[in-house]
Amino acid sequence: YLVNPAAYAALGAYMFLLILIGFPVNFLTLYVTIEHKKLRTPLNYILLNLAVANLFMVLGGFTTTMYTSMHGYFVLGRLGCNLEGFFATMGGEIALWSLVVLAIERWIVVCKPISNFRFTEDHAIMGLAFTWVMALSCAVPPLVGWSRYIPEGMQCSCGVDYYTRAEGFNNESFVIYMFIVHFLTPLIIISFCYGRLLCAVKEAAAAQQESETTQRAEREVSRMVVMMVISFLMCWLPYASVAWYIFCNQGSEFGPIFMTLPAFFAKSSAIYNPLIYICMNKQFRHCMI
């Protein structure tokens with residue numbers, strides 16, 4: 001054991017709790033949306049994509065981590081590490097790029113930079129394809145030799161190798177690529193879209209250009225998406241910051257808890273988005289009941 005055995009027991013219990021909550025709420029989101037025709041809107045396609053991403057993390061990542069934490073180290077070997085790292089990275093990236101597509105959709109619908117533009121089913125499907133392509137471009141390279149997945153923190157789950165300059169893996173270039181393309185770029189796009197969105201909502205309220213009902217509906221959707229973005233960032237910013245710090249200080253001593261806490265806090269994002277969706281979407285709640 002790298003740390004006190006009680007820490008592994010606590011980790012296993014935490015992962016069990018995430019599975020216990022994460023699987024039903026994400027499955028419920030999928031089931032209710034597919035069952036009720038009126039919920040099958042282009043916007044909800046992206047929200048469904050988020051639920052699929054979360055199920056990736058729950059089924060492919062959380063179950064593995066719960067099992068390995070019972071043993072006190074990653075017992076599933078190289079193949080298991082690759083699979084767990086892939087599913088966790090894939091789920092997190094699909095969720096992040098889904099939030100980017102949602103932010104762009106909100107910007108186009110509310111701010112109307114393109115006159116007479118409607119966000120249709122075709123646009124939603126293109127958005128879905130885009131999220132998967134971007135997620136794969138982040139999760140696949142470590143499987144084929146550009147960086148690698150290794151056990152991290154308490155050695156119960158696997159992630160990208162921020163820790164070493166292992167020969168032949170080009171870890172440095174991959175980590176820089178990952179931070180610029182798969183972290184900073186989405187953050188900049190989301191920040192731009194919501195900056196414009198806030199201005200547009202204020203201007204529309206002042207000018208009373210649209211009916212009160214339309215404005216209220218758009219505000220509710222925008223509020224829900226903003227909450228999803230904030231909760232996602234609260235979960236993932238600590239992990240990204242610690243990973244970058246470790247990458248910039250390779251060779252220094254880091255305790256196993258140092259990376260484990262933010263990594264497992266990040267995993268809780270799999271339950272936040274569906275809960276926000278269920279709590280803040282009246283139409284969904286009515287269909288669920």
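Cβ coordinates are placed from backbone N, Cα and C, and glycine is handled just like the others.
The DSSP secondary structure for Cys158 (disulfide bond) is strand. Taking Cβ-Cβ distances under 8 Å and a sequence gap of 6 or more within the same chain, the neighbours of Cys158 (disulfide bond) are Phe74, Cys81, Asn82, Glu84, Gly85, Ala88, Tyr149, Ile150, Pro151, Glu152. What Swiss-Prot records for Cys81-Cys158 is disulfide bond.
Under 8 Å from some Cβ of the topological domain 'Extracellular' (1-7) lie the Cβ atoms of residues 72-73, 154-155, 256-257, all in the same chain and six or more residues away from its ends. Among the features that Swiss-Prot reports, topological domain 'Extracellular' is placed at 1-7 (among others), with the record citing a curator's inference.
Remark: secondary structure over the topological domain 'Cytoplasmic' (33-44) totals 9 helix, 0 strand, 3 coil, with classes taken from DSSP. Per Swiss-Prot, the feature topological domain 'Cytoplasmic' maps to 33-44 (among others); the stated evidence is a curator's inference.
The annotation topological domain 'Extracellular' is assigned in Swiss-Prot to 68-81 (among others) on the grounds of a curator's inference. Beyond the topological domain 'Extracellular' (68-81), the same-chain residues lying 6 or more positions past its ends with a Cβ under 8 Å from any Cβ of the stretch are 1-2, 5, 8-9, 11-12, 15, 149-151, 154-158.
Looking only at the topological domain 'Cytoplasmic' (105-123), the predicted model's pLDDT averages out at 82. According to Swiss-Prot, the topological domain 'Cytoplasmic' annotation covers 105-123 (among others).
What Swiss-Prot lists as topological domain 'Extracellular' is 145-173 (among others).
Among the features that Swiss-Prot reports, topological domain 'Cytoplasmic' is placed at 196-223 (among others).
Residue counts for the topological domain 'Extracellular' (246-257) under DSSP (helix as H, G, I; strand as E, B; rest coil) come to 5 helix, 0 strand, 7 coil. Positions annotated as topological domain 'Extracellular' by Swiss-Prot, on the basis of a curator's inference: 246-257 (among others).
The list of residues near the topological domain 'Cytoplasmic' (280-289) in space but at least 6 beyond its ends in sequence, with Cβ under 8 angstroms from a Cβ of it, reads 28-29, 32-33, 35-36, 38-39, 220, 223-224, 227. Under the heading topological domain 'Cytoplasmic', Swiss-Prot lists 280-289 (among others).
Under the heading transmembrane segment, Swiss-Prot lists 8-32 (among others).
Non-local neighbours of the transmembrane segment (45-67) in the same chain are 11-12, 15-16, 18-19, 22-23, 26-27, 29-30, 33-34, 75-76, 80, 83-84, 86-88, 90-95, 98-99, 101-102, 105, 121, 124-125, 127-128, 131, 135, 156-157, 228, 267, 269-271, 273-274, 277; each lies 6+ residues outside the stretch with a CB under 8 Å from one of its CB atoms. Taken from Swiss-Prot, the feature transmembrane segment covers 45-67 (among others).
Through the fold, the transmembrane segment (82-104) approaches residues 43, 46-47, 49-50, 52-57, 59-61, 64-65, 76, 127-128, 130-132, 134-136, 138-140, 142-143, 149-150, 157-160, 182, 186, 189-190, 193-194, 225, 228-229, 232, 236, 266-267, 269-270, 273 of its own chain, all at least 6 residues removed from its boundaries and within a Cβ separation under 8 Å. What Swiss-Prot lists as transmembrane segment is 82-104 (among others), and the listing cites similarity to another entry.
Under the heading transmembrane segment, Swiss-Prot lists 124-144 (among others). Same-chain neighbours of the transmembrane segment (124-144): 42-43, 45-46, 49, 53, 82, 85-86, 89-90, 93-94, 97-98, 100-101, 104-105, 160-161, 174, 178, 181-182, counting only residues six or more beyond its ends whose CB sits under 8 Å from a CB of the stretch.
Here Swiss-Prot flags 174-195 (among others) as transmembrane segment. Here the transmembrane segment (174-195) has long-range neighbours at 93, 96-97, 99-100, 103-104, 106-107, 134, 137-138, 141-142, 146-147, 160, 162, 226, 229, 233, 240, 243-244, 247, meaning same-chain residues at least 6 beyond its ends whose C-beta is under 8 angstroms from one of its own.
If you look up Swiss-Prot, you'll see 224-245 (among others) marked as transmembrane segment, on the strength of similarity to another entry.
Residues or ranges marked as transmembrane segment by Swiss-Prot: 258-279 (among others).
Remote same-chain residues near the topological domain 'Cytoplasmic' (33-44) are listed as 102, 105, 119-121, 123-124, 221, 283-284, 287 (criterion: CB distance under 8 Å, separation of at least six residues from the stretch ends). If you look at the topological domain 'Extracellular' (145-173), the same-chain residues 6 or more away from its ends with a CB under 8 A from one of its CBs are 2-3, 7-8, 11, 61, 64-65, 68-69, 72-74, 81-82, 84-86, 88-89, 243-244, 246-247, 250, 256-261, 263-264.
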